[in-house]
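Down below is the structure, laid out as structure tokens.
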Ligand code: RTP
Ligand code: MG
């Protein structure tokens, strides 16, 4: 069993895609062990995307991710980290495989609907950033 951090980004929430994405997670068979709608603080956003701090798109990325409510989700299941990344598809929706969330619901790299941890280290770090231990049930 593995846990990962998933997020519906502000574009996904704004467009009303939360139920659709939660339904896909349920159909896949992952267990939702934590769930909350929230607005991310600048500090949390800069920490969450800290690996991209030097990239030219960092400012835009932080503005976008703090610009409206997100849905933070802790998922549990076999191979959940890679599995959820697979369900999302490639970062650039133009390269995302048909049937993935980004292929089905996004057109631009900057607003690509969902986030998923990219390793077990990232998952642990991001789950700790967004959830208190007692919020994971
Ligand atoms: P995420 O972290 O959000 O799950 O996305 P990812 O792993 O597929 O992609 P990553 O390389 O970690 O990039 C994080 C987010 O930054 C935005 N981005 N913009 N304009 C650009 O060239 C660019 N590159 C990345 C995207 O929103 C991406 O999801
Ligand atoms: Mg990433």
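Cβ coordinates come from backbone N, Cα and C, glycine included.
TrEMBL does not curate its annotations; it predicts them automatically.
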TrEMBL annotation, ATP site containing 9, 57, 85, 91, 112 - matching residue among 42, 102, 125: 102
Long-range Cβ environment of residue 85 (ATP binding site), under 8 Å and at least 6 residues apart: 116, 118
Among the ATP-binding set 9, 57, 85, 91, 102, 112, as the record gives it, the longest Cα-Cα distance in Å: 21
For the binding-site residues 91, 112, the one whose C-beta sees the most other C-beta atoms within 10 angstroms: 112
Assigned conformation of residue 102 (ATP binding site) - DSSP reduced to three states: helix
Of the binding-site residues listed as 9, 57, 91, 102, the one whose CA lies nearest the CA of residue 115 (active site, pros-phosphohistidine intermediate): 9
